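Colleague: Quick one: the structure is below, and I'll ask about it shortly.
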Amino acid sequence: MVYPGPPGLIAGLLLAALSLSCVDGAKALGFVGHGYNLTVSQGHEAKLNCSLQGIEEPEIQWLKDGVPVQSADQMYIPVDEDHWISFLSLKNVERPDAGKYWCEAEHSGRKSVSDAIWIMVEGVPYFTLEPKDLSVTPNSPFNMTCAAVGPPEPLVIIWWVGDSPLGKSESSPSVLQMSGIHERTAFSCEAHNAKGVSSSRTAIVEVKGLPYPPFNVTISKVTGSTATVTWFPGFNSFSLIKSCTIQVQSLHGNREMYSRLISAPPFAVLLDELQPLTNHSVRVQCTNEMGASPFTEWRTFHTKETVPQLLPQNVHMTKTETSLLLDWEEVEPDREGYNILGFKVQWEQENATQGELFVQENQANLTKWNPEKDLTIRICIANAAGCGPWSEFLLAGSKEEAGKQRHPHTRMSWVPMVLGILTALVTVVAMTLIFLRKGRKETRFGNMLGSMLGRGGPVIQFTAARSFNRRGPEMMEATLDSIGISEELKSKLKDVLIQQQQFTLGRTLGKGEFGSVREAQLKMEDDTMQKVAVKMLKAEIFCSSDIEEFLREAAFMKEFDHPNVCKLIGVSLRSRTKGRLPVPMVILPFMKHGDLHTFLLMSRIGEEPITLPVQTLVRFMIDICSGMEYLSSKNFIHRDLATRNCMLNEDMTVCVADFGLSKKIYSGDYYRQGCASKLPVKWLALESLADNVYTVHSDVWAFGVTLWEIATLGQTPYAGVENSEIYSYLIAGNRLKQPLDCLDELYEMMCQCWITEPKRRPSFVDLKQRLEAIWGRLSILSASQDQLYVNLGETCGAAAAVSGLHSAFCSEEDYCAGPSQTCGTSAITSDYRYIVNPGCLREGNEWSSSAQNGEARGLLHEEEEEEEEEMQEEQVVITL
């Protein structure tokens with residue numbers, strides 16, 4: 001049987017096979033071996049195995065906490081005909097992976113279950129309870145709570161008040177009891193265990209006070225007697241506003257005032273029972289649990305004029321032979337603010353003729369009327385707004401018989417007749433259109449079918465929309481013209497286009513939300529092969545605009561030529577089936593040591609942590625600063641500078657990379673973001689957060705955050721602060737704390753990068769000079785001290801401290817240098833970036849991790865990993 005596998009594993013299987021061959025007879029179905037506990041560091045790999053005997057070609061299922069494990073990293077191999085071993089590999093273990101694992105197999109209705117394997121995941125502390133924002137009354141006691149868990153245990157909690165630690169450490173959970181504060185104070189906590197430290201979010205405790213006065217008092221919808229008042233509440237001083245008081249004052253007559261108390265919100269009120277045509281003033285105050293705010297300034301408004309709400313009183317009528325005299329009680333012209341102009345008199349007689357008369361006095365004389373007919377009269381008081389309510393009708397009888405009945409005029413209604421005619425017309429037109437359309441269809445298809453039947457052909461013919469065959473779909477030719485990008489971008493990329501046949505894709509190096517990076521072998525002009533990295537978009541998520549944005553990054557990189565800036569090798573297009581856009585690929589140099597953030601993080605919390613000298617960290621900073629100095633000189637702004645976007649070359653040189661958000665400045669010195677993009681909020685400058693403005697000065701801010709990342713060996717900036725809270729946190733004057741053991745001069749440089757005014761920040765030229773001065777002083781200081789000698793003459797285990805350092809800083813040529821593989825003595829001098837080869841490396845099988853104990857390999861043994869991976873790719877024939 002042929003299967004791939006490392007020599008160590010193959011040898012173990014051979015021994016197991018030999019031992020099993022000594023057992024006579026058939027074996028009963030069942031798992032062999034015992035369960036065990038496995039402790040794995042967060043972010044590393046765990047390998048599990050179980051052994052089953054008594055069945056040929058079994059189906060072995062892995063379960064975690066009773067749920068089947070859905071993972072592609074499972075395999076099982078035979079030891080002999082009825083003995084199998086199943087392997088489960090968990091890459092990049094996280095806390096949810098902790099739990100109970102076991103194997104199950106079923107045959108002929110009988111189920112067999114293996115012993116359990118318990119996985120415990122260790123990492124930096126994880127907060128289960130973080131400090132919360134509070135609002136407290138002045139000088140009143142309150143508590144803050146913080147809790148975190150491991151493993152590993154134990155862990156301790158240290159409280160910070162502002163930028164100062166309280167000094168004492170407590171076990172988790174920890175309750176901080178405060179007797180009271182009188183001003184705004186920030187609280188946070190740190191959790192420490194053997195794997196490192198985690199920082200909680202920063203909780204802000206505010207002190208309650210009186211609310212500020214309301215503002216933007218607005219009067220709207222004003223009528224003669226009502227008005228709507230709205231306002232915005234002032235700052236509530238961290239105590240909810242419960243009610244508001246509105247005072248209204250009439251500026252007419254005695255200037256009376258009244259107040260109304262309303263619950264809030266809403267912050268609006270309808271004022272009623274106002275006097276018409278009158279000036280009024282209004283002001284507002286609001287109240288919280290601490291008391292009332294000051295009143296606003298008086299706001300004046302004028303009510304409109306309304307029709308008089310008065311009736312004429314004591315109307316008298318005097319009838320003569322030729323006229324009818326009316327009189328009523330006088331009314332003051334400005335009574336109740338109505339500004340009365342006069343009176344309106346209306347009358348009507350039996351024959352429906354009407355008359356109207358306007359008089360200014362409190363009397364009227366009607367002469368144009370027929371005394372032989374009945375007369376009805378009514379009166380109202382009028383002003384400029386209109387007529388008020390009418391008085392009751394007065395009846396002046398005629399001389400004819402009083403009880404004569406009047407018949408109303410009958411009018412013929414034409415509405416039903418018109419509606420009937422229109423309905424009939426619409427029905428006729430609709431039916432006509434339906435018959436005409438049906439006739440056209442019958443004629444068209446009738447001719448077609450008739451001609452075919454006349455020739456003896458088929459009644460129905462059709463053309464296939466799609467054909468199917470076994471040769472697979474045709475491929476669309478992948479060219480720059482086929483992806484729909486601009487002519488300007490085509491011209492920039494034409495000379496760096498590489499045909500897909502010139503390189504071979506290999507393993508995946510990393511994946512992101514929108515794409516992936518894969519290792520590849522590129523065939524050069526001299527027929528040699530060069531290892532490269534290929535960055536490509538995910539095939540299922542892009543359109544033409546996505547391709548253009550992706551390739552624009554390549555166009556930027558084409559213009560770069562600097563040792564600390566990632567250089568473009570070329571671009572390529574991967575053909576796909578016809579009708580689908582090609583997959584764009586950007587070909588970049590292969591960076592052996594990956595990104596700087598992962599390197600720093602693994603040096604701190606890896607399986608075998610190493611201590612990076614300060615000189616090395618400062619050298620990283622200088623490399624990044626040199627790259628950014630070059631970009632700024634080319635009028636480029638990066639907009640996404642961070643350690644995750646800085647790559648480590650084979651000789652540990654740092655290169656600035658990932659220009660997906662970069663922009664070239666063609667005029668002026670700033671670029672304004674015009675659309676919504678996913679932006680690195682915690683690395684953005686204040687002006688970028690506020691106004692979407694990006695300049696070289698905003699890149700300097702991000703460089704300061706990058707320096708902080710390097711000094712903390714990859715910690716997350718503003719840990720515990722949500723992205724939505726970053727702007728408020730920074731505008732309040734807060735900045736990142738000084739890292740432990742960080743040089744004061746370095747932290748001062750970071751703080752200068754975070755100055756609020758952009759033009760007061762230092763340039764990359766100044767920053768590079770200052771960093772080189774620091775590095776020079778550190779090198780002189782180290783050179784003045786004795787050289788550090790490490791005795792490598794005993795076991796290689798004594799050299800563990802330097803072997804990791806060597807693996808991290810030596811190139812492949814240095815790694816293999818030296819005539820002997822025996823242990824010797826190594827001198828480490830002032831330049832910690834290049835270390836003399838210690839000449840003592842264990843064999844790959846000594847460094848490889850055991851599948852049973854689940855130890856993940858560390859970052860510092862990358863060479864051994866690559867050798868083992870190459871061996872695993874070979875096929876080995878085992879004869880049992």
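From the backbone N, Cα and C atoms, a Cβ is placed for every residue, glycine too.
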Colleague: Consult Swiss-Prot and report which candidate among C22, C103 shares a disulfide bond with C50.
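Modeller: In Swiss-Prot, C50 forms its recorded disulfide with C103.
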Colleague: Taking the Cβ of N37 (N-linked glycosylation site) as centre, how many other Cβ atoms lie within 10 Å?
Modeller: 10
Colleague: Please list, for the domain 'Fibronectin type-III 1' (213-306), how many residues fall into helix, strand and coil according to DSSP.
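Modeller: Counting residues by DSSP class gives 0 helix, 47 strand, 47 coil.
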Colleague: Taking Cα atoms as reference points, which of the recorded positions C189, N365, D640 is nearest to G515 (ATP binding site)?
Modeller: D640
Colleague: Can you figure out which of N37, N49, N216 (the glycosylation sites) comes closest in space to L509 (ATP binding site), comparing Cα atoms?
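Modeller: Closest by Cα distance to L509 (ATP binding site) among the glycosylation sites N37, N49, N216: N49.
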Colleague: Taking the Cα atoms as reference points, how far is N365 (N-linked glycosylation site) from V517 (ATP binding site) in Å?
Modeller: 103
Colleague: Counting Cβ atoms within 10 Å across all protein chains shown, which of the glycosylation sites N143, N365 comes out on top?
Modeller: N365
Colleague: Going by Cα-Cα distance, pick out whichever of the recorded positions N37, C146, C189, N279 is nearest to K511 (ATP binding site).
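Modeller: That would be N37, nearest by Cα distance.
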